[in-house]
Amino acid sequence: MIDIRLVRENPEKIRAALKNRCVDESILDELLELDKARREAISTSDRKKAERNKISSQIAKAKASGDEALAKELMEKAKDISVEVKELSEKAKKLDEEMRNKLLYIPNIPHESVPVGESEEDNVVVRKWGEPRQFDFDSLAHWDLGPNLGMMDFERAAKLSGSRFVILRKELARLERALINFMLDLHTREHGYEEVALPHLVKRETMQATGQLPKFEEEAYKTDPDDMFLIPTAEVPLVAQHRDEILNLNELPRKYTAYTPCYRREAGSYGKDVKGMIRVHQFDKVELVWFVHPDESYEALEKLTADAEEVLKRLGLPYRVVALCTGDLGFAAAKTYDIEVWLPSYNAYKEISSCSNVEDFQARRGNMRFRDKDNKLKYVHTLNGSGLAVGRTLVAIVENYQLPDGRIRVPEVLVPYMGTEVIG
């Protein structure tokens, strides 16, 4: 949630940011009207209170002089003013709630370093690592390789749960587990993250604090009548665990990692990536989250992104890092790097991680603060990134490490986890 003072003091900056994000600017005008009405109600209430205080003094003087008629008249007037003050107070409170609800729909303000653009076509490639493999045989897509090995089953998954689900078997099921353990070991042992095991069901307030609600409620799986939500990413509980808390300066930065399944309805992705495991309703992910001092958050973004990149480097998978433009930024992000892995089946790079600096956007929604060196309360900055999406990493290994006979070579770093050098 953005700071209402920024909206009030520099509305044209917000308007320009919304325009660059390709967001309807009318929501800003509605918010400014609500803010104006709220401040007018508060100002009028304050004047009425001052008038009531003046009348109270006059009542005391009238009683002292024995003028009971005047005192009674003034008391009636004071009573009427008290009713007006109460009504104005209730009006201001209602307008304040409307303003907060409106603010919940306004996205974060892009950082000045974010390239301006309308869509993914305007994203900027920052760097590349590795070279796509040149096959000397007819390579197969993972949706053919996996079923051919009897280790990837889309048909029975559809029978169980419908489209966009998969069953992994035998060595591919073990490969998924190996990837999870490898990623967690790397991040905890070498990158300094604290591992956390989290609930997969969270309350509405938790989803709202992290920017998932109210805007993206149709994307979430919801349980009735409990009004609980299956997490779309471990970012949600990792960030919201500190909701309504005050952290100490010496506790920053805090770096967390967690493995969880993630659940997404993908309501707006009809017709996209319909084959295989690229876009499914349930997928595994290792998440990275930082809580940092505001002065250090952009340096932290570079470090977090490097931590995610290291997974791909160790696995020997070609990738590139892309800076998202303003029109392609996620709702809560001020700046995002997408890490895209090379997939031969698409003959293209596909997203495997998004690493974002959210600045104080989530901290304001979730009231997450820290005490600075002067003992003043300030909002922390939060960052998040996938380190990595496990299913897409598995797909990248299957496709990039395939052999001419249809088997799959295991990346060297995973051999100790797998106990074999070849799958199939």
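Each residue, glycine too, has its Cβ placed from N, Cα and C.
Taken from Swiss-Prot as is:
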BINDING   T233, A234, E235, E287, S386  L-serine binding site
BINDING   R264, R265, E266, V280, E351, I352, S353, S354  ATP binding site
Legend entry - Candidate binding-site residues T233, A234, E235, pick with smallest Cα gap to E266 (ATP binding site): T233
Legend entry - Cβ-based isolation winner (fewest other Cβ atoms within 10 Å) among the binding-site residues A234, V280, I352: V280
Inset, instruction - Under 8 Å Cβ to Cβ from S353 (ATP binding site), same chain, six or more residues apart: give me those in sequence order, or none if nothing qualifies. - result: A308, D338, I339, G385, S386, G387, L388, A389
Inset, instruction - Measure from the Cβ of R265 (ATP binding site) and count the other Cβ atoms within 10 Å, all protein chains considered. - result: 17
Inset, instruction - Starting from the Cβ centroid of T233, A234, E235, E287, S386, the recorded L-serine site, name every other residue in that chain with its Cβ within 8 Å, sequence order please. - result: V236, L238, A258, T260, C262, K285, V286, L288, V289, N384, G385
Legend entry - For R264 (ATP binding site): DSSP state (helix, strand, coil): coil
Legend entry - E351 (ATP binding site) - helix vs strand vs coil (DSSP): strand
Inset, instruction - Give the maximum pairwise CA distance in Å, whole number, for the residues T233, A234, E235, E287, S386 listed as binding L-serine. - result: 9
